[in-house]
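Among the features that TrEMBL reports, transmembrane segment is placed at 12-32, 44-69, 90-114, 153-175, 187-212, 224-250, 262-282, 352-372, 393-411, 431-450.
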Amino acid sequence: MSTQKQSHAQWGSRMGFVLAATGSAVGLGNIWKFPYMTGVSGGSAFVLTYLLCIALIGLPILVAEWLIGRRGQKNPIHAMEDVAAQNQRAKAWSIIGMVGVLGSFLILSFYSVIGGWAVDYIFMTGSGTFAGLDGDGTGKIFTGFLGNHEQLLVWHTVFMALTIGIVAMGVAGGLERASKLMMPGLAVVLLILVAYGAFATGAFGRALSFLFTPDWSKINGSVLLAALGHAFFTLSLGMGIMMSYGSYLGQEVNLLKTARTVVILDTVIALFAGMAIFPLVFANNLEPAAGPGLIFVTLPIAFGNMTGGTLLGVLFFILLTFAALTSSISLLEPTVELLEEKTPLGRKGATLVAGGAIWALGIACLLSFNLWSEFTILGNNIFDFLDKLTSKFMLPLTGLGTIIFAAWFMNQESIRKELGLQGGAYMLWHIISRFVAPIGVIIVFVASLMS
Ligand code: PFF
Ligand code: NA
C-alpha cells in the first residue's frame with residue numbers, strides 16, 4: 001500500500017487491489033489457525049458453522065468495509081468519521097476505527113510469533129530433521145522447540161524484521177505481485193498433501209467425515225463464537241484493513257464479484273489445509289484438539305516419509321512464510337498510518353516504532369509457551385488471551401458496527417447503484433446486510449454468553 005500512500009492514488013488496476021486483499025486474507029489463518037480451531041472445536045460443527053458465517057456475515061461485511069472505504073477515501077478512522085459527517089451522523093462511529101487499529105496491533109504480536117515458527121520450519125525440514133519420523137517424533141521436536149524461548153525469540157524477531165523492512169522500504173506492492181505466483185504454488189503443494197492424505201495414510205475417510213459430516217448436536221454457543229471469530233480473522237475483517245484498501249478503489253471495480261473471489265480463494269485454501277492435515281492426525285493417532293502446534297506436528301510426518309518430501313516441505317514452509325508476510329504487512333499498516341498522522345515521526349520512523357512495540361508485545365506471547373505458561377489472564381495464557389480478545393470479541397464487535405453503519409446509516413439507493421443490484425438480488429442484499437448479518441452476530445454473542 002505504501003507506494004500509493006503519499007498521493008492516495010487509486011489502484012493502478014483491479015488486479016493490484018485483488019492481490020493486496022487476497023494477500024491480506026490468505027495467511028496463517030487458513031493453514032495454521034483453521035485446522036487447529038477445527039480440531040479444538042470438534043470438527044464438522046465448527047467447519048459448517050464457519051462456512052455459514054463466511055457466507056452470511058463475512059462476505060457482506062467485507063463488501064461493507066470496501067463500500068465505506070471507497071466512500072471515505074482516507075484512512076480507516078477518518079473513513080468512518082467522514083462518511084458519518086457526509087451523512088450528518090455522530091462522530092462516535094470513529095471509535096470503531098480506533099478499536100480496529102488496536103485489534104491489528106494485538107493480532108500482529110502473536111501472528112509474528114507463529115510466522116517465526118514457519119520460518120524456523122523451513123530450515124528444520126530442509127536439514128532432514130523429520131526423515132522417517134512418526135507423530136511421536138515430530139511431536140517431541142515441536143515440544144522441544146516450543147520450550148526453547150531463545151529460539152522462538154530469534155524467529156519472531158526475524159519475521160517481525162521482515163515485516164518492518166517490507167513496510168518501511170515501501171516494497172509491499174512487489175511482495176503482493178509475487179503472491180500471484182506464490183498463492184497458486186501454495187494451493188498446489190496443499191493439493192499434493194491432500195493426495196498424500198488420500199492415498200498414503202488410510203485415514204482419509206475418517207478425516208473427511210470428521211470435517212464434513214453434519215452433527216448438529218455438537219454445535220453450541222462457544223463453537224458458534226469460535227466460528228464467527230475465525231470468519232472475521234481469516235477475511236481480515238473488523239480492523240479497518242479492508243476499509244483502507246477500499247479507499248484506493250476506483251468506482252469501476254465490482255465489489256460483490258471481487259468479494260466473492262477473495263472469499264472463495266480464502267475458503268478453498270483453508271479447506272485444503274484441513275483435508276491435508278486431518279488424515280495425518282488420524283493415521284498417527286494424534287489428538288485433533290492438540291492446539292496451535294497441530295500443523296507443525298502433522299505436516300512434517302508427510303514431509304519426512306514421502307518421496308521428495310524434504311524438498312516439498314521446504315517449499316511449503318517458504319510459501320507459508322510468504323503468505324504470512326502478505327498478511328502481516330497489512331496488519332502493521334493501520335498502526336503505522338495512525339502514528340504517521342498523529343506524530344512527526346514520518347513513514348520510516350512510524351514503521352519502526354509501531355513494529356518495535358508489536359515485537360515487544362510478541363515476546364510476552366512467545367514466553368506464554370514456556371517460561372510464562374503459568375501466567376494467566378482470565379484463565380488464559382497471554383497468547384490465548386490476545387487471540388480470544390481479538391477474534392471472539394473485538395473483531396465481531398467492530399464488524400457489527402461496520403455492517404450496521406453501512407446498511408442503516410449510509411444512503412441505500414447509492415449503495416444499490418454502486419453494487420449494481422436490482423430487483424430480487426437487491427432485496428437479498430438488503431435483507432442480509434440489514435438483518436441477517438447483524439442479527440447473526442448478536443445471536444452468536446448471546447448464545448455464547450448462555451453456554
Ligand atoms: N487474514 C489473515 C489470515 O487468515 O492469516 C490474518 C489477518 C490479516 C487477520 C489481517 C486480520 C488482518 F487484519
Ligand atoms: Na485467511
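Note: Cβ is positioned from N, Cα and C throughout, glycine not excepted.
Between the transmembrane segment (262-282) and the transmembrane segment (90-114), fewer than three CB pairs separated by 6 or more residues in sequence fall under 8 Å, so the two stretches do not touch. By the Cβ criterion (distance under 8 Å, sequence gap of 6 or more), the transmembrane segment (12-32) is not counted as touching the transmembrane segment (431-450), fewer than 3 such pairs being found.
In this chain, the transmembrane segment (153-175) lies in contact with the transmembrane segment (352-372); the count of Cβ pairs under 8 Å, excluding pairs fewer than 6 apart in sequence, is at least 3. Here the transmembrane segment (187-212) has long-range neighbours at 31, 38, 43-44, 47-48, 268-269, 271-283, 288, 299, 302, 305-306, 312, 315-316, 319, meaning same-chain residues at least 6 beyond its ends whose C-beta is under 8 angstroms from one of its own. By the count of Cβ pairs under 8 Å, the stretch nearest in packing to the transmembrane segment (224-250) among 44-69, 90-114, 153-175, 393-411, 431-450 is 44-69. Between the transmembrane segment (44-69) and the transmembrane segment (153-175), fewer than three CB pairs separated by 6 or more residues in sequence fall under 8 Å, so the two stretches do not touch. Below 8 angstroms of C-beta separation, residues 1-5, 16, 20, 23, 108, 112-113, 115-120, 321-322, 324-326, 328-329, 332-333, 336, 347-348, 351-352, 355-356, 358-359, 362-363, 366 of the same chain, each at least six residues beyond the ends of the transmembrane segment (153-175), sit close to that stretch.
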